[in-house]
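Structure first, then comments.
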């Protein structure tokens, strides 16, 4: 199973949704499913699903459909969920704590190794057995513990400094919840989650009916 060159980001962003729905099917003891049945559950067309999956190999069988468990495992492999990723959270406020307590975090392979904050009153407090540390220790911690992913949950004014420390420590990917577009080297991957932008999109949809 080899990924073809030139896979669009739109395809990549649909894979986690396939993975999530396939997990639900397995939990409901569904062994196989057609692209048509999958399209009815997910909301994409059957043709779109087939095209997306064909970017990575031949998974279905004519007249049979897809083996749910096999497809789930294959998509997990494509997404890189076959190994663990050492992860840190920066910002132990509401968002940071919610992410640290997210039940699927560990199951998906994201191993929380450290939580950092600038507030001295937070130092030493544990969240899921991980002690909150001084953010000034972040760069060295990333270097010494082979941290690959940093999750930024700090205010906009502090986010770029945190990002710089992560990059200097050798981070490979950043999940950014701060309302800022971070400046990073080209080889650092950043996935932004701008909550206010998502809310503004929702407000638009509430007030307009012109979206296809």
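Glycine is treated like the rest: Cβ placed from N, Cα and C.
Per Swiss-Prot, DNA-binding region is recorded for 17-56. Averaged across the DNA-binding region (17-56), pLDDT for the predicted model comes to 92.
Marked as NAD(+) binding site by Swiss-Prot on the basis of sequence analysis: 91, 92, 93, 94, 95, 96. Taken residue by residue with DSSP, residue 95 (NAD(+) binding site) is part of a helix.
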Q: Sort the residues of the DNA-binding region (17-56) into helix, strand and coil with DSSP and give the three counts.
A: 28 helix, 2 strand, 10 coil
Q | Set of same-chain residues at least 6 away whose C-beta sits under 8 angstroms from residue 93 (NAD(+) binding site) | A | 117, 153
